[in-house]
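Visitor: Feature annotation from TrEMBL assigns transmembrane segment to 39-58, 70-90, 171-190, 197-217, 229-255, 267-296, 316-345, 366-385, 391-412, 510-530, 542-565, 571-588 (among others). Taken from TrEMBL, the feature domain 'Cationic amino acid transporter C-terminal' applies to 540-590.
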Amino acid sequence: MLRGLPSTASLARFCQKLNRLKPLEESTMETSLRRCLSTLDLTLLGVGGMVGSGLYVLTGTVAKQMAGPAVLLSFAVAAVASLLSALCYAEFGARLPRTGSAYLFTYVSMGELWAFLIGWNVLLEYLIGGAAVARAWSGYLDAMFNHRIHNFTEAYVGTWQVPLLAHYPDFLAAGIIILASVFISCGARVSSWLNHTFSVVSLVIILFIIILGFILARPHNWSAEEGGFAPFGFSGIMAGTATCFYAFVGFDVIAASSEEARNPKQAVPVAITISLGLAAGAYILVSTVLTLMVPWHSLDPDSALADAFYRRGYSWAGFIVAAGSICAMNTVLLSSLFSLPRIVYAMAVDGLFFQVFAQVHPRTQVPMAGILVFGGLMTCLALLLDLEALVQFLSIGTLLAYTFVATSIIVLRFQRTPPSSSSGPASPDPSVKEYHSFSDHIQLVGTEQDLAPEPGQLRPALRPYLGFLGRYRPGAAVAWALGILVASAITLACVLVFGDSALHLPYGGYILLLLLSSVMFLFSLLILGAHQQRRQQDTFQIPMVPLTPALSILLNICLMLKLSYLTWLRFSIWLLIGLAVYFGYGIWHSKENQRELPELTTTRYVVFPSTNLEETVQTVQPPSQLPSQESSPTE
């Protein structure tokens, strides 16, 4: 081997470091946070994270530019698509009641490097999302006062024309983030109470909009004279679905809060399901009354609801709508500031991020350092940066997290149940037989195969028909099938999104690639379905695995491919920064790395050479059974 180049063994150990998993039993240990959130608290957190400014802005934009009155179908389809990802979060949140959300779910199933990158992207998602909501909150409040705040700032502070910077500093947006951070730092109970207040007011105002809207409804606005129910056809409904999908982003705050839930196994799935249903009902009903009150082609995309009531002679209702939008945006901002420091806390506890963020305030039991530092960063973003060019980061970060969580569900379902570990010293058990010879190992393998099938093994009923899959070690066929599933999903998504013209393929080649990718996608699903899954009766589990997470993977990849190339370029730069942080700090300070070091220094491996074929098995003996160094014939 050339001098200076790493050996194959060192490269293998390095790759093992990147893919080491967080033990499942460690993810259910006692927490230093306070378990004080009920199912109602989690539900309102989820509603607050989903029902925000999108209800007051997105409905009018999609109705006028994409789908017409069929915007309600766009929201319905988007809700069903979001349900696929929400169910994945529900199963993980119930099974692993620890803070961390997508980061933790990836860590216990996919590996350390992937988990860090997901957590790194989620941090950016919450930072930009919270800052963007604060800017929207500021703009909406400024509009209520006829832009006096904006004019005052430009007159006494000035404007600038610098790339990536806003035209003027938004002190109002920075102030609301600072105020929200103060409430978040007071503890989960206080922030939950504040979120309750804003969420209830927002839901009451939404109910008022729906009731008054149906009273003022004119069915003629859906007639053919006004363009019909679906003026843009099926393609318009699907285009609206892709946009409406992001309205339901926010249910992951429930999974991120599971460590502070009183009964997470029951509360997390119930809260995610109810909050998603409430949000879907609000979006569908509000978009229905909006297009029934006024013709869809005359909507004002910026303030559709307030303008619709004004045009029907109910200008006073516009102030109620504005108050509802302010309350809704407050709940979204609180959700972002609530989740962000907890993701940082989870990464710091695992050693992948700086340890100062793992400290919890002794009285309020919240990660105070994360709130101060990342609340300050969010304040600077809202104060100075032009966020319109960065908002698409929200989409790619969220969709990537959804994809990894759905993949992790499949991995976890086919993983073997880890052996229970005891914290105390192991005592010898006379009933346990030691297997050292080659024939003993054959006997052990035969005994394992006679037992009940473990997760990852071929189902007993299918062994006579798919015997060739049973020859592989448990989990090998599942790993190959999962790899084929992801690769075929990427290929199928490219074919569906870009079409034959963008791929520069003849029509016959396009159809062939479409059929081939579809067949491989279905084939991998059949292979996965033929293997035994892990079943648990005491926690929520997604129905129809692997079909449900596989459809979620395909949908998320399709939506990611619709993003612009500039978004992918900026995303790649952010990933490179994250890799520098991981290889500079995280990989060396990881708790899993610290656990491996004592094992490497205390474990001794002794090989007893022999000419007998049955004794050529390398035997690992504990230190108590090793021959002393002075009497060792090999030394």
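In case you wondered, yes, glycine gets a Cβ from its N, Cα and C as well.
All annotation found in TrEMBL is predicted automatically rather than curated by experts.
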Visitor: Determine which residues of the chain contact the transmembrane segment (542-565) at the Cβ level, with the cut-off under 8 Å and only residues 6 or more beyond its ends counted.
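Guide: Those are 81, 84-85, 87-88, 90-91, 242, 245, 392, 395-396, 399-400, 402-403, 406-407, 409-410, 413, 485-486, 489-490, 492-494, 496-498, 521, 525, 528-529, 533, in sequence order.
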Visitor: The transmembrane segment (316-345) vs the transmembrane segment (70-90): three or more C-beta pairs under 8 Å (separation of 6 or more)?
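Guide: In this chain the transmembrane segment (316-345) does not contact the transmembrane segment (70-90) - fewer than 3 Cβ pairs sit under 8 Å.
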Visitor: Which residues, given as numbers and ranges, are at least 6 beyond the ends of the transmembrane segment (197-217) yet have a Cβ under 8 Å from it?
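Guide: Residues 44, 47-48, 51, 55, 278, 282, 285-286, 288-290, 292-293, 305, 308-309, 312, 314, 317, 320-321, 323-324, 327-328, 330-331, 334.
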Visitor: What is the three-state DSSP composition of the domain 'Cationic amino acid transporter C-terminal' (540-590), stated as helix, strand and coil residue counts?
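Guide: Taking each residue of the domain 'Cationic amino acid transporter C-terminal' (540-590) in turn, the totals are 40 helix, 0 strand, 11 coil.
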Visitor: Below 8 Å between Cβ atoms, which of the listed ranges 39-58, 70-90, 229-255, 366-385 makes the most pairs with the transmembrane segment (171-190)?
Guide: 366-385
Visitor: Could you tell me what the rest of the chain brings near the transmembrane segment (510-530), counting residues at least six beyond its ends with Cβ under 8 Å?
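Guide: Same-chain residues near the transmembrane segment (510-530) but 6 or more away: 410, 414, 458-459, 462, 466, 469, 477-478, 480-482, 484-485, 487-489, 491-492, 495-496, 499-500, 503, 546-547, 550, 554.
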Visitor: Would you kindly check 39-58, 70-90, 267-296, 366-385, 391-412 and say which stretch has the most C-beta pairs under 8 angstroms to the transmembrane segment (571-588)?
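Guide: Per the Cβ under 8 Å count, 391-412.
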Visitor: If you average per-residue pLDDT over the domain 'Cationic amino acid transporter C-terminal' (540-590), what number do you get?
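Guide: Taking every residue of the domain 'Cationic amino acid transporter C-terminal' (540-590) together, the mean pLDDT is 90.
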Visitor: Count the CB pairs under 8 A between the transmembrane segment (39-58) and each of 70-90, 267-296, 366-385, 391-412, then give me the winner.
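Guide: Checked against 70-90, 267-296, 366-385, 391-412; highest Cβ contact count belongs to 267-296.
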Visitor: May I ask which of the stretches 70-90, 267-296, 366-385 has the most CB pairs under 8 A with the transmembrane segment (391-412)?
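Guide: Most contacts with the transmembrane segment (391-412): 70-90.
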Visitor: With Cβ-Cβ distances below 8 Å as the criterion, list the same-chain residues six or more beyond the ends of the transmembrane segment (267-296) that contact it, or say none.
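Guide: For the transmembrane segment (267-296), the list is 37-39, 42-47, 49-51, 54-55, 59-60, 62-64, 68-69, 71-72, 75-76, 79, 82-83, 86-87, 89-91, 93-94, 97, 203, 206, 209-210, 213-214, 216-219, 221-222, 226-227, 231, 244, 247-248, 251, 254-255, 258, 261, 304-305, 307-309, 311-312, 540.
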